[in-house]
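Annotated features in Swiss-Prot:
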type	residues	note
DOMAIN	61-165	domain 'THUMP'
BINDING	L183, I184, K265, G287, Q296	ATP binding site
DISULFID	C344-C456	disulfide bond
DOMAIN	404-482	domain 'Rhodanese'
ACT_SITE	C456	active site, cysteine persulfide intermediate
Amino acid sequence: MKFIIKLFPEITIKSQSVRLRFIKILTGNIRNVLKHYDETLAVVRHWDHIEVRAKDENQREAIRDALTRIPGIHHILEVEDHAYTDMHNIFEQALALYRERLEGKTFCVRVKRRGKHEFSSQDVERYVGGGLNQHIETARVNLTAPQITVHLEIEQDRLLLIKSRNEGIGGYPIGTQEDVLSLISGGFDSGVSSYMLMRRGCRVHYCFFNLGGAAHEIGVKQVAHYLWNRFGSSHRVRFVAIDFDPVVGEILEKVDDGQMGVVLKRMMVRAASKIAERYGVQALVTGEALGQVSSQTLTNLRLIDNASDTLILRPLISHDKEHIIKQARELGTEDFAKTMPEYCGVISKSPTVKAVKAKIEAEEGHFDFSILDRVVSEARNIDIREIAEQTSQEVVEVETVASFVPTDVLLDIRAPDEQDDKPLALDQVEIKSLPFYKLGTQFGDLDQSKTYLLYCERGVMSRLQALYLREQGFSNVKVYRP
């Protein structure tokens, strides 16, 4: 099988040296992502496209899906590569592929050529289009608004019959811009803002301020791992967790109620800046949007920026909440965010919307900054690829099984669309469906006299959720890994 990768248009208008560098990086990214599907896969770069060839037909859909999620790709053409002899042979091959698809439809033919030929692209369009129109009685030509466009590409002596076109996410290849550190909370905003910087070519590392215990950290790890695995797995990234409870406690004790929100954000920026400096990261990323909460007015954002010299990027600054939630839904992070607790918003009862610099600095004068230095020095840094392995160690007390007894219940915790795509079909065991994002609120309603075997495709989510349920006091859970 063969795929033709078309570049994001902004790449094609770069200077020759920059364009070549971007294409080289994108080629490497594609190779890094796809090697997990087919080790014999070949990725070849050209001036205006990238070619992917693979032998394992069983991985066709997986490879196509992975390509649609790699930044830098505008669209993907799945093609059949054949030799041809003349225009009539081109028509015959097009007829064999498109006959059933064109029945009862309007169509046109569009041809792109590379190389020297005795015919023009328009000659092929007219010949093939006329032949299809004659041989498919219910098909009709429509050059302005066809229902189906027959795409053909001719490269020297090869004919590429385009079977399907799939849109990519566009943007720049990851690695073409410098690294950033995303302050991730697991909510709608931070997930979307992280994705937007990945799409713009940045390798996004994650910094999490833990205010809600192990369960909160598990949830945020799920979001970060999901974003990385889905859109950024071509690169290694860090997940840094900072226990911010001591800082919050100091703020609650020493800082005036109305200033708490801004002071907390300034402390987070200071801590994240230290982490960024430690790892050579150039900028911080937040999900802040203008006016969304009290700390996100222009006055307060300026004061938050002043807490550090590190550049702070806010890709969602002009987005409204409805639009952000829609983006989260499209990315697949909405379900995570809906069940993620919000701890920051309850710290102050009457927050100021127009903080005064002198007053903020006076309140911070009461703060013991050695606490901030300590929590930063104790920050836990892991390779995001190790989240699954680390979770396995954390859930060592949760048994992993490959078989079941008739009294067990297999709990499919995958998202509904995943369950529809690959439904479980097992005999001699009861199967229930309860998506992972509903476990926290609905697991307690199940019959607690039974043992539940949590299942997801890769075992990462099931282990994370098993740990979460254990912490909630449920001992009747195991992880099912066939």
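Every residue, even glycine, has its Cβ placed from backbone N, Cα and C.
Separation of the C-alpha atoms of L183 (ATP binding site) and C456 (disulfide bond): 28 Å, rounded to the nearest whole number. In the three-state DSSP reading, L183 (ATP binding site) counts as strand. For the domain 'Rhodanese' (404-482), the DSSP counts in helix, strand and coil order read 28 helix, 16 strand, 35 coil.
Each of the recorded positions L183, I184, C456 was ranked by the number of other C-beta atoms within 10 Å, and first place falls to I184. Secondary structure counts, DSSP: the domain 'THUMP' (61-165) has 38 helix, 38 strand, 29 coil. When the Cα atoms are compared, C456 (disulfide bond) and I184 (ATP binding site) turn out to be 24 Å apart. In this model, the domain 'THUMP' (61-165) carries an average pLDDT of 94. Reduced to three states, the DSSP call for K265 (ATP binding site) is helix.
Taken residue by residue with DSSP, G287 (ATP binding site) is part of neither helix nor strand, so it is coil.
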